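Trainee: Mind having a look at this structure? Questions to follow.
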Amino acid sequence: MYRRSYVFQTRKEQYERAEEAPRAAEPDRLAEARAAAPNLAALQGLGERVAAHVQRARALEQRHAVLRRQLDAFQRLDELAGPEDALARHVEGNRQRARDLAAERTRLERQGAEAQRALDEFRSKYENECECQLLLKEMLERLNKEADEALLRNLRLQIEAQFLQDDISAAKDRYKKNLLEIQTYVTILQQIIQTTPQAAAITSGMREEKLLTEREAAALQCQLEDGREMICLLQAQRTELQAQTAALEQAIRDAHECYDDEIQLYNEQIDTLRKEIEEAERSLERSSYDCRQLVVVQQTLRNELDRYHRIIENEGNRLSSAFIETPITLYTASHGASLSPRHGGKDLTRAVQDITAAKPRLKGLPKNLPRKKEMVAKDRADEILEETLLRGPEDMKPGRVVIKEEGESKLEPGDEEASPPTQEGAPEDVPDGGKISKAFEKLGKMIKEKVKGPKEPEPPADLYTKGRYVMVSGDGSFVDPGFCVFSVPAKGGVVVSKGDDSVPPDSGVEPSPQQPEPPLEEGQGPPQEKEDGLKEEGGPPEGKGEPPEGKGDSVKEEGGPPEGKGDGVKEEGGPPEGKGDGVKEEGGPPEGKGDGVKKEGEPPEGKGEGLKEEEGPLQKKEDGRPPTPHPADKGDEKNAKELKGLQGKQDDQKEEGARGPCPMVAPGPEGPSTPRSQGPQVILGGSEGHGARSGSRLARSPPRKLAYEKVEVMESIEKFSTESIQTYEETAVIVETMIEKTKANKKKLGEKGSSSA
C-alpha cells in the first residue's frame, strides 16, 4: 500500500515537472509574436512549429529519462532490505535530479537570452532592409519621372530643331534668290556701263543709282534682321503654346478617366433601377390582375345573391297578391311602381319581365328575337289567366280569341245561331283546380329554367373584351359577348332528384279533348318592346292599351333553359309547411291541398296558358264597346286539326325529352287565327338531364298523388391566376311541389261544366 502510493506521487511530480518547460516557453512565444512585424507571419509560424517540435522532443526525452530513473529506483528498491535506505537513496536521487534541472534551467535561460538577442538583431536588420527598399523605390520612381521629363524635353527640342531647320532652309532659298537677282542686276549694269559712252552725266546718274541701291540694300538688311527677331519671338511663343497644349491634353485625359469611372457607376445604378422598376411593374401587373379577378368574382357573387333574394321576395309577394287580389309594390331594378287591384293580372307578367331583365341581353344575335317572343308569349298568357280570375265565372260568356295575320286580336262572343260552341254544354266555361295547377306548374318550370339560366352581366373590365361561353351542363349553352373565355369561366350544374311518390311522365294521363292547341311555330311572337302596343278589337283593354292576350302553353328553350322566377309558391286551402322559400318539403301535402288547388265547393278561378278570353257584362259596361260574333266556320274546323297535331307532337316530345329542350309555342301576328279554350293544356317537355318534366295533368277530381322534385343548383366560379386556382362555389336548393292528376271521366266533366255554368 505504501509502495503503490509512493509510485503514484513520484509519477505525478515528474509529469508536472515535464510540463513546466513548454508552459514557460509559451509567454516567450507570445511576446515574440506580438513584437514581430506583420510581414514576418510566415517565418514566425515556421519558427513556432519548429520550437514546438523541439520542446515536445525535449519533454519526451525528459519523461523517458524520468521513467528510466524510476525503473532503476524500483529495481534498486526491490534489492534493498529496508525502506529507510530506499527513501534515502530516492531522496538523494531527487536532489541530484533537482540540481540537474537547475543547471538545465540556467542553460536554457542563457540560450533564450541569446536567441532573443539574435531575434532582435534580425528584426533590426530586417527593418533596415525595409527602409533601404523604400528609399530605393522612391529613388527609382523619381528617376523614372526625371527620365520621362527628359525624354519629353528632348522630343520638344527635336521638334523645335526641325522647325528651325525648315526656317533656315527657307531663308537660304530666299537669300539665294535675292543674290541671283542682285548678280543679274550687276551684270546688266556692267554691260550697260561697257556699252554706254563714258559721259559725265551717265556716270553721275550711275553713281546716284548705286547710292540708291546701297540704301535699298541697307534697308533690306534691316528688314532681314527684324524678320529674324520676329522668328525668334514666334518660336518662343510656339514653345509656350506647345507646353500649354500638353498640359491641357493631360488634364483632358485625367478628366476623361474620372468621368469614365463616374459614367460606369451611373450606368450600373441605372441598370439596377431599371431592373427594380421592371420587377415592380410585374408585381403591379400581377396585383392589378388579381384585383380585377377579385372584383369580377365579387360582383358576380353579389349579383347572384341579389338576384336570388329579389326572385324570392318578388315572387312570394306576387303569388300571394295574385290570390288575395291586393296591390303590391315590386322591388325590382326596372319596375318600382305600385299596382292597383285592376292590374292584378300583370303580376306574373312583371315577374317574367323582371326575370328577363336579369338576363344579359344578347343584342345583335339571332337568338334575341325568339327569346323576346317567348317572354311576350308568357306575359300574355299570364295576363289572360289573371284577367279571367278577376272577372269571375258569373261574368263569363262563351267567346273565342281570333288572332289575325296582321297581329290584331278580336274577341267575339259566341252566337248560338251562327256559331255554336265547340263542345256541347260549354265545359270550357267551368274552371276548377286543374287551371290553378297548370299555372303553378308553369311557374315551377319558370323557376327551374331561371335557375338553369345564365348569370347577370358582370361589370366589364379593361382586360376582357372577347366573347365568353358560359356552359350549362345539360341541354345548351348561353353566349355572352361581354367577357373573355379565359378570364373567369363560370360553370353551372343542375341536379334533380325526384321523390318516391312521383308520377312518371309516361303515365296514363291524357289531355282533355276540349282544349285546342295553337299551332307550334318558332320565332313568330311579337317583340317584347311592342307588347303594350298590341290591341284586340272588341276585347276589354286592360290599363292603357294593354290587351290580355293568351300565348302558347309550352316553353321554348334556346341554347339552354329559359329563365323563370317564383321560388315561393303559396298554397290556399292548407297551412304552409316550412318557411325556406315558401315551398313544401319532401313528403307531400295531403291530397286536395297542393299548389294553390282550390276545393270543389269554392268559386273556381281559371289560370292556364291557353285560356279563352271572354267578355262579361261588367267589362262591357266599362269599355262601352259592343260584342262581336265568333267566326264559327274557322273555329270548328281547326279544333279537330289542332287536337290531332297536338297529340302527335306530345308523343314526339316524350321520345325526344332526353335529347333536347321542348319547343316553345309562340303564335305571332302572322300566325293563323285559333280559338282558345279555358282549360289548361298538358305538354310534356324538357330534358331528363335537367329534371324539368313539367306535365300538368288536367282533371276535375282532387289529385290522387303528389310528386316532388328537388332541384339542386351548384354554380362555381373558378379564378385562374399565375400561382394557383381558387374555386368559389354557391349552392342553392329549391324544393318544388308539382301536382299530378289522373284522367277524369268525360261524362263527369260535362256534368261539372253544366253545373258551374
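Glycine is no exception: its Cβ is also placed from the backbone N, Cα and C atoms.
What you are looking at is a predicted structure, and each value in this text was computed from that prediction instead of being measured.
The phosphoserine annotation in Swiss-Prot covers Ser5, Ser340, Ser419, Ser512, Ser701, Ser754, Ser755. Annotation source Swiss-Prot lists N-acetylalanine at Ala41, citing experimental evidence. The region 'Coil 1B' feature in Swiss-Prot is assigned to 84-183. Per Swiss-Prot, the feature N-myristoyl glycine maps to Gly433; the stated evidence is experimental evidence. Residues or ranges marked as site 'Interaction with MIP' by Swiss-Prot: Glu456. The repeat '2' feature in Swiss-Prot is assigned to 546-552. According to Swiss-Prot, the repeat '5' annotation covers 581-594. Residues or ranges marked as repeat '6' by Swiss-Prot: 595-608. As annotated by Swiss-Prot, phosphothreonine applies to Thr628, Thr674.
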Trainee: Three-state secondary structure of the residue listed as 'N-acetylalanine' from DSSP?
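Mentor: Going by the DSSP assignment, the residue listed as 'N-acetylalanine' falls within a helical segment, counted as helix.
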Trainee: Using a Cβ-Cβ cut-off under 8 angstroms and a sequence gap of six or more, which residues of the chain neighbour Ala41 (N-acetylalanine)?
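Mentor: In sequence order, no residue meets the Cβ cut-off.
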Trainee: Give the mean pLDDT for the repeat '6' (595-608) on the 0 to 100 scale.
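Mentor: Its mean pLDDT is 40.
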Trainee: For the region 'Coil 1B' (84-183), jot down how many residues DSSP puts in helix, in strand and in coil.
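Mentor: Summed over the region 'Coil 1B' (84-183), the classes give 100 helix, 0 strand, 0 coil.
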